[in-house]
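Scroll down for the structure; my scribbles are underneath it.
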Amino acid sequence: MKLALENMTKSTELEEVYQDAASNVLLAICRHSWRVVAQHLETEVLTGVFPHRSLLYVMGILTSNGMSLTTPALPTPICSQMAEKSVQFLNTDKWSRELLSALTKPDQTHQEQPPEKAFLFIYYGLILQTEDNATTVRTHLRTLLDTSHQWPKQREGIALTVGLAATRHLDHVWAVLEQFGRSTPVKWSLHSFCLKVLGQKSEDPKWRWVSSTILLAYGQMAVKAKAHILPWVDNILSRMVFYFHYSSWDETLKQSFLTAIFMLVGAISRNEGAHSYEFSQISELLECLMVLMEKEPQDTLCTSTRQQTIHIISSLCKLRPPLDLKRKSRLLSVCLRSVFALPLMDVLKKHTCLFLEPPNIQV
């Protein structure tokens, strides 16, 4: 174990490859003596110096859901205890700067997030969750939100940190997102503002998908706040509907919107008190979902968006207040047309299966 710990931070020509190999040795030891390894990791992480990447790599593997069954996951209480002991570092400028630098460091591949960064987003969220000072929480969240929103995993990580902080600071997280939503960069990213300056200013990729992050953050808030979320549902839905209508729409925003709604609906359905609530924004949300259904391509018989949207609609229809007859009729009509509409004739002609002899249905 000592040899592994020493080599995890050693600088060689192989850099991260060498360090990861040493880290994997420590992970192998963890299969047999994970409590001892966890204790050593905690000691290293809590020195007051920002942890080396390799330590975060090991922590990321241990806390990930994709671990082998032979390697025990690091228990949540241990992560929470480490976060609680790390709160003191939030007010240390050097430590906070290195944390933000590690979180915003470009990944080698933007489709996959390295374990160390995945862990950092969780760790940061747990630290902010434990922090008592509301001003500190707001400052750190706003600083994180002011970073780049260009890559999918980065947006998901930021949203997760925001959601974890909301577990204990729901009102402050809401205030930060509201303030952030009114900031100039976010306004520039919205469709209505882009139209006014079309041709005058190129779109900054750092901010292009910031609405995606905000939507995912609202979804994570709902998931992490659990029983406390019901009084906030209408407020959150109103913001989701706003970003649906005013964001520069593309596939990224569509998937983020559906993911966020799915998280929110899931949080509501798991709440025993939901049946006694009346949600005033359900109708507006259903209108957005019907627009999504109507915009799905007619030349494709089955899309994941249709399936997700119908699943969400089905869950929303169980909530109060019940839909009026006219809205029910329109909702059903839109769903049926989207699911059962045949592709256009030009598209049908391209399907060679249609030229085969049809089966004899009387046999």
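A Cβ is built for glycine as well, from the same backbone N, Cα and C atoms used for every other residue.
Features as listed in TrEMBL:
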- 2-74: domain 'MROH2B-like N-terminal HEAT-repeats' (DOMAIN)
- 84-345: domain 'MROH2B-like HEAT-repeats' (DOMAIN)
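Under DSSP, the residues of the domain 'MROH2B-like N-terminal HEAT-repeats' (2-74) split into helix, strand and coil as follows: 48 helix, 0 strand, 25 coil. When averaged over the domain 'MROH2B-like N-terminal HEAT-repeats' (2-74), pLDDT in the model lands at 81.
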